[in-house]
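**Q** According to TrEMBL, the protein has these features:
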- A:ASP40, A:ASP85, A:ASP221: Mg(2+) 3 binding site (BINDING)
- A:ASP40, A:THR54, A:ASP85: Mg(2+) 4 binding site (BINDING)
- A:THR55, A:ASP56, A:ASP133: Mg(2+) 1 binding site (BINDING)
- A:ASP56, A:ASP85: Mg(2+) 2 binding site (BINDING)
- A:ASP63, A:GLU279, A:TRP325: substrate binding site (BINDING)
- A:GLY132, A:ASP133, A:ARG158, A:SER223: ATP binding site (BINDING)
- A:ASP224: Mg(2+) 5 binding site (BINDING)
- A:38-148: domain 'PurM-like N-terminal' (DOMAIN)
- A:162-246: domain 'PurM-like C-terminal' (DOMAIN)
Protein chains: 2
Amino acid sequence: MPVDDSGPSRLSDVGEDGLLRLIFPRLPVAAATLLGPGDDTAVVAAPDGRVVATTDVLVEGRDFRRDWSSAPDVGWKAAAQNLADVAAMGAVPTALLVGLVAPPELEVAWALGLADGLAAACAGTGAGVVGGDLSSGPVIVVSVTALGDLQGRAPVLRSGARPGDVVAVAGALGRSGAGWELLELGRGDVAPELVAAHRRPTPPYAAGVAAAVAGATSMLDVSDGLVRDLGRVARASGVTIDLDWNLAADAFARPLWPANTALGRPETDAMRWVLGGGEDHALAATFPPGVEPPVGFVPVGEVLPRVIGRPDVLLDGEPLDTLGWDHFRP
Amino acid sequence: MPVDDSGPSRLSDVGEDGLLRLIFPRLPVAAATLLGPGDDTAVVAAPDGRVVATTDVLVEGRDFRRDWSSAPDVGWKAAAQNLADVAAMGAVPTALLVGLVAPPELEVAWALGLADGLAAACAGTGAGVVGGDLSSGPVIVVSVTALGDLQGRAPVLRSGARPGDVVAVAGALGRSGAGWELLELGRGDVAPELVAAHRRPTPPYAAGVAAAVAGATSMLDVSDGLVRDLGRVARASGVTIDLDWNLAADAFARPLWPANTALGRPETDAMRWVLGGGEDHALAATFPPGVEPPVGFVPVGEVLPRVIGRPDVLLDGEPLDTLGWDHFRP
């Protein structure tokens, strides 16, 4: 059914098949796509003989707000957070499958914008959209599954960090959290670039493969905040991680000082965004002594033997709560 | 956080991490699971060097009703309909990824029941649950992605049917649709086994591989009704499909006569369920002349050269609408 240009078309006007016909041409096709949408399943190349697979669900009102993020923003974010998970294993993404639940009265333009955002986030990553499903419901739900190829490498797990390793981060920390807080305070004008970082995180995909090639002992996607996520590495690896305030502040907090100051807060408060802010989808990895972290990785701490009776993650050797950072306890 | 046995625990009582800890032990682990839940991604064996992938979203109120289907029923159905898509390519399932959106006040027991249903549907298929995601929302949404392995075979597409091929169906037709209508009419007592078939479809997974090995030229999962789905094969293949009333009636309508009669309808009405009922997830395939359809497949028609100006699917050589079956027009 053709879209009527005289007014906003709704999903209920074009129907499921009609919407799919409009969406498919907007979605990227990748080299690994052996069979795209239209049959019972897609067929995706898995040259390694193993496939990495991850899934995330984004719900309107909880994971995104339509008044804060455009449809392309939501599509971008849904793709990026899954592609970052693939990168965090040291794999390259090959394919996305996307489920969309939407109210029948949703404008078709929103669904097409979502597809455009998915496509934009995939550009340059090697991933294509190979399949999907549509259904209707009271709020928008976007589910994304990402597949990837390990190219012959061992997956980089959370459990491999060893005492003496350097902890390093590639990508952004605190920018998305700061942007979110600015939106929450109605002060997006203070730093539009941080609001943009919240709307469209840019995970350092290539750094994931580089870290795996360099010999990273552990790696993960920082989605819930640095301290919380490094706590997962520490517990999986049976170690303690000690962050270095100066290193983290220089690399990640200093660029946030102007926004922090504009809110009338003391300079050190910018570190809250760095330690606790999620959704930047940086990659945090550990590298053995003598291994130079690849370009793009900034050292932020070191791995200690597990310290019994203390938190999994320390800051300059001290528990974060005794430093007044109890909000960030993992 | 332990579950309090003194009353129904809600999702909000146990939190996301708590729920995951309760769910994971209930989920099946399969031979292809190289790395299960707990890291950024799962790692799944793809020995063929290609992976088939499909996704479906089920929404409460649209795709299932909690008063008609138990949590294990919903989990079963969500898994089965994706596993059937994998089988319809001639592949064997290896892994499922599951997203669950649920209201915070949902009972934990419901989520655990969902996991049990997923596990039950996977049993014997070779598939395990390798990953997932949880979020909250106003209604329950279950998204399932299934992966599978082609074991060196070419995928069986919808586009390969050729004139002269036999059309055959493995599995059930009309049972789920009949069960749904009985529930809708409040007459589930008439045929509890049909209601059960609606709640827990049993796709003939092994028949998918058998059809591929035998040389099926096309295949698909019958999810939206036989006529509608065969119309997709006909269009993709550039052919017309002619169904044989007697063959279809003998194999699939006759067992539905008692339920149909109990509703006071003429005998021939049972064919409505067979031709139009969805969600049984039978497999419909075409086989070249001289190839014996594998055990489990029942011939129901033949493939004709494309008949210009006529519907894609005929019944005994006639358009279904001129026979009074216009509801089933593809």
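Using N, Cα and C of the backbone, Cβ positions are placed for all residues, glycine too.
Note: TrEMBL annotation is automatic and uncurated.
From a predicted model like this one, the values you see are computed outputs, not experimental measurements.
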**Q** What's the CA-CA gap between A:ASP56 (Mg(2+) 1 binding site) and A:ASP40 (Mg(2+) 3 binding site) in angstrom, rounded?
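**A** About 22 Å separates the two Cα atoms.
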**Q** Using a Cβ cut-off of under 8 Å to chain B, which of the binding-site residues A:THR54, A:ARG158, A:SER223, A:ASP224, A:GLU279 qualify?
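**A** Qualifying residues, whose Cβ lies under 8 Å from chain B: A:THR54, A:ARG158.
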**Q** When you put A:THR54 (Mg(2+) 4 binding site) at the centre and draw a 10 Å sphere around its Cα, which of the binding-site residues A:ASP63, A:ASP85, A:GLY132, A:ASP133, A:ASP224, A:GLU279 have their Cα inside it?
**A** A:ASP85
**Q** Taking the Cβ of A:ASP40 (Mg(2+) 3 binding site) as the centre, how many other Cβ atoms fall within a 10 Å radius?
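**A** Result for A:ASP40 (Mg(2+) 3 binding site): 29 neighbouring Cβ atoms inside 10 Å.
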**Q** Using DSSP, tally how many residues of the domain 'PurM-like C-terminal' (A:162-246) sit in helix, strand and coil.
**A** 45 helix, 15 strand, 25 coil
**Q** Determine, to the nearest whole angstrom, how far the Cα atom of A:ASP85 (Mg(2+) 3 binding site) is from the Cα atom of A:GLY132 (ATP binding site).
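**A** About 19 Å separate the Cα atoms of these two residues.
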**Q** If one looks at the chain holding A:GLY132 (ATP binding site), which residues at least 6 apart in sequence have a CB under 8 angstroms from its CB?
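**A** Listed in sequence order: A:LEU20, A:ILE23, A:PRO37, A:LEU97, A:VAL98, A:GLY99, A:LEU100.
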**Q** Based on Cα distances to A:ASP133 (Mg(2+) 1 binding site), point out the closest of the binding-site residues A:ASP63, A:ASP221, A:SER223, A:GLU279.
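**A** Nearest listed residue in space: A:ASP63.
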**Q** How would DSSP class A:THR55 (Mg(2+) 1 binding site) in three states?
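**A** Where A:THR55 (Mg(2+) 1 binding site) sits, the three-state DSSP reduction gives strand.
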**Q** According to DSSP, which of helix, strand or coil covers A:GLU279 (substrate binding site)?
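**A** Looking at the DSSP assignment, A:GLU279 (substrate binding site) belongs to neither helix nor strand, so coil.
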**Q** Output, ordered by sequence, the same-chain residues six or more apart from A:ASP221 (Mg(2+) 3 binding site) with a CB under 8 Å from its CB, or 'none'.
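**A** Listed in sequence order, they are A:GLN81, A:ALA84, A:ASP85, A:ALA87, A:ALA88, A:PRO203, A:ASP229, A:HIS281, A:ALA282, A:LEU283.
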**Q** Helix, strand or coil by DSSP: which one applies to A:ASP133 (Mg(2+) 1 binding site)?
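**A** Its secondary structure by DSSP: strand.
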**Q** Under the DSSP assignment, what numbers of helix, strand and coil residues are found in the domain 'PurM-like N-terminal' (A:38-148)?
**A** 32 helix, 46 strand, 33 coil
